[in-house]
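Take this structure first; my questions come after.
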Amino acid sequence: MGILAGIGVLLPFPFYYLLWTYPQSWVNLCGKGRDPSKVMALVSHFIKLIQFVSLFSVSSFSWPPPLYFWPLFAFGQFLNFRSFYRVYQLLGESGTYYGVRFGKNIPWVREFPFGFIKDPQYVGSIMSLVACLSWVPFQYILLWSLGYLFMIHIESTEHVTTRAKPLS
């Protein structure tokens, strides 16, 4: 079960990497009349479910959690939800799911936590994962966190010339 769980934990990152690196291929695959951000969101939700099931399959829960759990998890989730849902609220699905890479004009969000913390959703997610160390074996937390660090690096290299052209 350990190798399958590891694969499940890492599953989203090759998908995100491919979409970020080859956005035109994704736009073409989605085809005319289908929003590539919407399709990405649907696939991402399914992959995220596999990721969580994989993590839960190797977890062992005990109560109460250690004291470090509460501040790490609470602040991590605050950053995660504040960044994800605020962007979703302001920019919709396209602003949340690589719309800028798929050739859409998406404005930047500069409200807190953006502009204060680089990649707040990833930072918050990593904090939440670390909070769960008493329940989840270290190697799975490390794998998932390395996936986020990898995506922070990949997404920091975005260049306008590599964006997809929308199908018309």
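Cβ coordinates come from backbone N, Cα and C, glycine included.
Note: TrEMBL annotation is automatic and uncurated.
Feature list, courtesy of TrEMBL:
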TRANSMEM  6-27  transmembrane segment
TRANSMEM  39-61  transmembrane segment
TRANSMEM  122-142  transmembrane segment
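Mind running through what each feature is packed against?
Long-range Cβ contacts of the transmembrane segment (6-27) within its own chain (Cβ-Cβ under 8 Å, at least 6 residues beyond either end) map to 36, 39-40, 43-44, 47-48, 50-51, 53-55, 57, 98, 101-103, 139-140, 143-144, 147, 150-151, 154-155, 158, 162-167.
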The transmembrane segment (122-142): which same-chain residues, six or more beyond its ends, come within Cβ distance under 8 Å?
5-6, 9, 54-55, 58-62, 65-66, 68-70, 72-73, 75-83, 148-149, 151-152
